Each structure stands twice: as C-alpha cells, then as structure tokens.
Amino acid sequence: MAASVKAAHELQSRTRTDDVLISGGVEFSSLLLSKPVLEGLSASGFQRPSPIQLKAIPLGRCGLDLIVQAKSGTGKTCVFTTIALDSLILENATTQVLVLAPTREIAVQIHAVVMAIGSAMEGLECHVFIGGRPISQDKQHLKKCHIAIGSPGRIKQLIEMGALMVSSIRLFVLDEADKLLEDDSSSSFQEQINWIYSSLPANKQMLALSATYPESLAQQLSRYMREPTFVRLNPTDPGLLGLKQYYKIVPSHSLPHKVFEEKVQSLLELFSKIPFNQALVFSNLHTRAQHLADILSSKGLPAVCISGGLSQDQRLEAMWKLKQYQCRVLISTDLTSRGIDAEKVNLVINLDVPQDWETYMHRIGRAGRFGTLGVAVTYCCHGEEENKMMAIAQKCSLDLMHLPDPIPPGIMEEACDHDVIIETLSKPKIPDNFKPEKKKKAKSEQMKSKPSRESHISVVITESVTGDKSCSRAETKTKNHSPKPGRQKQMAPAANLQHDSTITQKQQNNTLPKIPPLSSFKSHTGKRMTFDDALVDYETFIREGPGRSVEIIHQYDGFYRSQDKVNGLHDAHDEDEASESYVLEESQSHQDLPPAQEVSELSSEQKTSSESSSESEMEVESESSSSVPSKSTLEALPDNKVSLVRNHSELAKSTLPSTRVPQQATRSKQKPCQPQSQDTAHHHNLPHKHRTASKSSRRPTGPKRRTRETDETEEEEAGQDYWSSYRAWAEYYNSYYHHSPYNWMTAFYMNSVYIKEMMKH
C-alpha cells in the first residue's frame with residue numbers, strides 16, 4: 001500500500017466560508033463509495049465533502065457525462081479522482097482512465113492527489129506523461145498503467161507511436177476544460193483534443209471541469225458529450241466569499257519600464273504593510289517576472305520565478321518550494337494561474353491586468369483556497385488598463401474596492417501562521433531595542449493567547465522613514481513549551497528590562513543574520529590590460545568563446561594592410577605587365593611577319609623603325625602612367641597609402657575599353673624576353689588604328705600629316721582613358737559606401753557581445 005499523503009485542507013485550523021461547508025453531518029461514507037477509496041480519503045485528510053463533491057460524485061458514479069463548474073479551490077480535483085478510482089478494475093493492467101490538463105504543473109498536482117486518495121488500493125499504477133521527460137521512460141510506465149495523466153501534446157504523441165493503447169479507456173476527463181477547448185489560434189489544444197477524442201472508444205464516460213464557464217465552452221462540449229448533466233453552484237456569483245479584492249491606480253507613462261518601476265515601488269510598500277503567509281505575483285511578461293524576482297531577492301524577500309521558458313526540472317522545483325513553504329513570494333505568468341493549490345497562499349497580486357475575466361478569476365482563486373480568507377490586489381494604469389479592470393468587475397459582479405492609502409493594518413483579517421511585527425524606525429540601521437529578550441517576551445505572550453499552536457515563526461519587518469524599506473526577518477521556530485510560572489512577573493519591572501537588555505555587542509552581532517561583506521560581491525579588478533592584450537583577448541573570444549567554433553578565412557588587419565595581403569600577388573603581376581608592355585608588343589609584331597619581308601624592312605627602314613619604336617614606347621609609358629603611378633610617386637607616399645593607390649590603378653585598368661583586353665590577355669601568356677627581330681610580326685594582329693599608325697610611321701610622308709594623325713590618336717586614347725578611369729572610380733566608391741554601413745554594424749555588434757561577456761567576469 002502506498003504511503004498516505006495529506007492532500008486535503010485541515011478544516012479546523014483556519015476559518016472557512018459557507019461556500020465550502022455543508023449543513024448536517026454528511027460524510028463521504030454516505031456516497032456509497034468502495035472501502036479502499038474511503039480509506040484513502042480519510043488517510044489523505046478528507047473529512048466531509050464540499051457542496052460540489054456532494055452533488056457531483058454520485059452522478060459521476062452513475063456513469064453520466066458531467067459538466068462541473070465550481071469556484072476555485074472548492075474540491076473539483078477530488079470529484080473526478082474519486083469517480084476514477086471507484087471505477088477501476090485493478091486486475092486489468094491496461095489504461096482505463098485518461099486525464100488531460102493544460103499545463104504540466106497541473107498534471108503533476110493531479111497525480112499527487114490520485115496517489116494520495118488511492119493510497120489504500122493495492123497495485124494501483126498512475127503515471128504522469130508530460131513534455132520535458134524522456135519517451136523511453138513513458139513507454140516503460142505504460143506497460144502497466146491504470147490512470148494516465150498528461151498534457152495533450154505528449155498524450156497524442158504516445159498514441160501515435162502505439163505506446164498508449166486507448167481501446168480499454170472507459171473514462172475521459174478534461175480538467176480546466178475551458179482552457180483546453182478555447183478557440184484561440186495561438187493554442188493548439190483544441191486540435192490535439194479533437195485528435196485524441198476521435199481515437200478513443202465510442203462507449204466511454206466524459207467529465208469536464210472548470211471554475212469558469214464561458215459561452216464558448218457549452219458549444220464546444222456539445223460535440224463531445226451525449227446529453228451531459230450540468231452541475232453548477234452559484235453560476236451568477238463566481239467570486240470567493242473570503243477574498244477581498246482591491247485595485248490601485250498607478251501613474252501612467254509612455255515608457256513601459258517607467259510604469260513597471262512605479263508598480264514595483266507600490267508592491268514593495270504593500271509587502272511592508274500587509275502581513276501574509278505566501279504571495280503569488282502575476283505578470284503578463286516573462287522578462288518582467290524574472291526581473292521582479294531578482295529585485296525582491298535583493299531586498300531580502302525570498303522569491304522564486306516560474307514561467308514557460310524554464311526547464312521542466314526548474315518549474316517543478318519552483319512549485320515544490322511554494323508548497324513546502326520554502327519561498328514567500330512566487331512570481332509567475334499565467335502558467336500557474338489555473339489549478340495550482342498552495343494552502344498557505346493568502347495574497348495574490350496582479351502586476352498587470354489580465355487579458356480576460358476568466359484569467360482574472362483563476363488568478364485570484366490561488367488565494368482563499370477551500371473557503372479561507374485572503375486578499376487580491378490589482379495594479380492598473382490610468383486609461384486602458386483601468387477601463388479593462390472595470391469591465392471585468394462589471395462582467396463578474398465583483399465587489400471591487402479601491403486600495404486605501406495609507407494601507408490600514410487590518411486589511412488582512414486572518415492571522416498569519418507566523419507573526420509579523422511592523423516597526424517604524426528613525427534610522428535605517430538596526431535599533432538598539434532589537435534584543436533577543438524582547439522577542440522572547442513577544443513569543444511568550446503569543447503562545448499564551450494561542451496555546452493550541454505547536455510552533456510558529458516570528459518575523460520582524462522594519463521600515464525607515466526616509467522611504468527605503470528594509471525587511472530584516474528573524475525566523476525562529478519554537479518547540480512546544482509553556483513559559484515558566486512567574487516569568488512574566490519578573491519581566492514586568494522596568495529595571496529588570498534594562499538589566500536584561502544589557503547584552504554585549506558581540507552577543508548582539510551573533511544573533512543577527514550573517515551577511516557577507518560588500519567586497520565579496522564585487523569582482524576584483526586585476527592589472528590594466530594593454531591594447532594589444534585586449535586585441536588578442538578579443539580575437540580569442542571570437543574564435544573560442546562559449547558556444548563558438550569559428551574558422552578564420554580572412555583576418556582584417558586594417559584597411560590598407562588588408563588590401564596588400566589580399567591583392568599583393570595581383571599588384572606584382574600588374575607591375576610586371578606595365579613594365580614589359582612595350583617589349584611584348586614588339587616581340588609579337590616580329591613573330592607575325594614573313595622572313596623575307598623582315599630582312600628587307602630591317603635593312604631599309606632600320607632608322608625609321610627605331611624612331612617609331614621610341615614613339616610607341618613613349619605612348620605606352622604615357623598610358624601606363626595614367627593608370628599606374630610612377631615609382632618616384634609611390635616612394636614618396638607612406639606604405640599604407642601605396643597599396644590603396646595600386647588597388648585603385650588596378651581597378652581603373654580593369655575597366656579599359658574592350659579593344660585592349662585581348663591584347664593584355666595575350667601579353668600575360670608570353671614570356672617577358674623575346675628577340676628584337678620579331679617586332680614586325682605583330683603588325684597583322686594589331687587593331688586597325690594601330691596598323692594605320694605603324695604603317696604611316698614607316699612611309700615617307702610629310703611632317704604635317706604625321707603630326708595630325710598622331711595628335712588624333714593621342715586625343716582619342718586620352719578621352720577613353722579619362723572616361724574609363726571615371727567609371728572605375730565611380731563603381732569603386734558606390735560599392736564601398738554601399739557595404740560600409742553593414743560592416744560597421746557587424747563590427748559594433750561583435751564588440752558589444754565581447755564587452756557583455758567581459759562584464760560578466
């Protein structure tokens with residue numbers, strides 16, 4: 001038999017309202033349940049059924065499809081758990097009950113209730129199937145599982161894989177049915193529910209439970225159920241009787257973080273004025289929830305954050321801390337607004353107004369569980385949030401009150417499990433009257449007024465006049481002992497009080513909480529880093545940083561040096577071309593001429609050819625000087641400027657007219673040294689204008705005609721060189737300025753990432 005676990009609330013320990021109590025001595029034994037189920041109910045703390053349990057359990061045991069609506073915290077989980085356990089056939093190892101929940105936390109909580117009530121049932125197997133856990137573990141659990149509880153996504157996956165056999169399922173339960181069946185495009189629950197429902201046997205019983213019953217839920221459930229029976233208590237008044245609801249208007253601002261700061265200040269003031277056991281703070285944004293948890297922890301208030309962005313283990317750990325009273329404040333999104341049962345939570349704060357009235361009712365239902373007393377406070381800005389809050393109050397007929405300022409001390413009617421003493425101090429430091437003897441006196445008086453309580457915790461919350469709230473809590477658990485007789489008489493005289501208060505400074509320091517010095521929280525700065533060391537560290541971070549595996553293809557060492565490294569080979573090659581252009585041209589012209597003509601021309605026109613060659617050499621040199629700077633000019637420039645000039649000249653030469661491109665390609669394939677006798681061989685391969693120029697230079701013509709043709713040729717080539725250089729420069733700068741913003745943004749982003757990583761250390 002499984003160990004019994006307390007799953008019910010103790011009715012005698014706290015005040016209960018009428019919406020969870022029934023008149024008369026009705027007990028669970030009058031509901032005709034099986035003996036193991038009754039034993040499990042008694043062992044887990046269930047003494048008498050609530051009104052919703054009294055009406056719904058008998059109808060469910062008759063096999064009817066039920067739609068159950070009741071207020072938050074009135075025992076709906078116990079309804080379908082009791083019906084499911086009482087209908088099980090333990091000898092059959094197949095899955096007989098399937099329970100779906102909208103969140104993993106609710107599924108885990110349902111599993112705990114089932115195991116607590118079914119603790120007296122020998123051989124009961126109940127398992128949870130949720131995301132974040134290995135599939136192999138789920139397959140192992142499904143070999144013998146009477147009750148399967150899980151989220152729709154994982155259950156659908158197991159059915160598709162064939163691991164979960166649904167042919168023997170006789171009871172299908174939808175907990176928080178309005179959330180599972182809501183018509184929302186952002187939620188895929190409805191599609192998954194339809195798929196799961198279609199795979200189940202036709203002859204089955206179905207239960208749908210929720211604290212809210214919107215109109216859309218009735219339309220959705222009509223598709224699944226056969227003549228369902230409605231079990232609804234106080235449908236026109238969904239609010240809890242023991243819960244006081246307040247709202248507070250905070251100044252609106254155009255910047256969201258300013259509004260958040262205003263709400264946080266009001267929240268800290270509320271925590272310092274209202275004594276509470278545990279509190280739930282709801283935020284619409286994940287980032288704000290985590291930020292608020294950090295702020296409260298820095299103020300000394302134990303706070304834990306839970307959201308959908310955390311891992312499954314972190315989420316379960318946060319819920320365990322809340323239920324085991326390991327944290328005072330839980331900051332959450334709407335992940336825990338439904339179904340979560342924490343008995344000691346008596347304060348709920350909405351940092352943001354919820355999106356709809358259903359979410360609001362579920363949020364405030366986390367306080368005032370099973371008829372207890374509690375307080376709910378909602379912060380809203382002027383304008384849209386205020387109008388939305390008023391619409392919710394009108395829709396649900398809520399008794400919504402404005403939070404008084406200043407907050408009165410008696411706003412929390414129920415006494416807390418630990419006593420909270422609020423003291424106003426003149427200085428932020430710890431006062432002299434903070435003595436252990438006075439705390440013992442306060443404890444003795446409280447134990448005298450409440451002798452039935454075995455243990456309690458004393459918390460001292462101090463508030464400074466200057467507005468800085470500091471909470472110094474000294475939590476001390478006292479064993480069950482009564483003060484000695486005559487003890488209070490000895491403490492009454494003032495002289496004895498002064499004598500007892502004379503405690504050394506060392507003893508007083510020992511009673512205070514041990515907080516590390518401020519220097520231990522600071523990162524010790526080492527020696528100063530030079531720029532070269534910082535550069536090496538930055539490159540190491542880019543290559544070998546956390547989560548990085550970078551292969552360096554090109555290293556940027558500055559604009560001019562980078563251009564030299566990348567294009568250094570091309571620069572040298574182009575310089576060789578410029579210096580050998582004339583030699584290649586002459587050698588190719590000699591190769592193309594016949595031998596006889598070559599000899600005759602060399603004998604008759606040797607002087608003329610030498611003159612024309614000198615003129616063509618001057619022309620080629622002038623052309624090369626227009627695109628390639630002279631050696632003296634390059635020597636005069638700095639090293640970092642030389643590469644830039646060379647690159648610009650290369651770019652200008654690459655855009656020369658098409659008539660010169662084949663010539664350069666041919667020259668690059670030739671050897672640099674050719675015999676001078678082959679100069680005329682290139683004559684037939686030259687373009688038309690070059691042939692004309694060469695022929696006219698060898699003919700005996702007048703000086704005027706030769707001068708005119710030379711001037712026209714030089715003028716034409718100069719114009720072509722000018723426009724080609726102009727286009728080259730324009731294209732270069734267009735491409736450069738087009739990509740420069742992206743290069744700057746990339747560099748800025750990488751530097752910002754590097755700085756952030758350095759700040760962490």
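In case you wondered, yes, glycine gets a Cβ from its N, Cα and C as well.
According to Swiss-Prot, the features are:
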- Arg48, Gln53, Ala70, Lys71, Ser72, Gly73, Thr74, Gly75, Lys76, Thr77, Cys78: ATP binding site (BINDING)
- 443-456: compositional bias 'Basic and acidic residues' (COMPBIAS)
- 600-613: compositional bias 'Low complexity' (COMPBIAS)
- 623-635: compositional bias 'Low complexity' (COMPBIAS)
- 57-231: domain 'Helicase ATP-binding' (DOMAIN)
- 266-415: domain 'Helicase C-terminal' (DOMAIN)
DSSP three-state assignment (helix, strand or coil) for Lys76 (ATP binding site): helix
Greatest inter-residue Cα distance in Å for the ATP-binding set Arg48, Gln53, Ala70, Lys71, Ser72, Gly73, Thr74, Gly75, Lys76, Thr77, Cys78: 18
Those binding-site residues listed as Ala70, Cys78, and which of them has the most Cβ atoms within 10 Å of its own Cβ: Ala70
Greatest C-beta neighbour count within 10 angstroms, which of the binding-site residues Arg48, Lys76: Lys76
Neighbour-count leader, CB within 10 A, binding-site residues: Ser72, Thr74: Ser72
Average model confidence [pLDDT] within the domain 'Helicase ATP-binding' (57-231): 88
Number of helical, extended and coil residues in the domain 'Helicase C-terminal' (266-415), per DSSP: 63 helix, 30 strand, 57 coil
For Ala70 (ATP binding site), the three-state class that DSSP assigns: coil
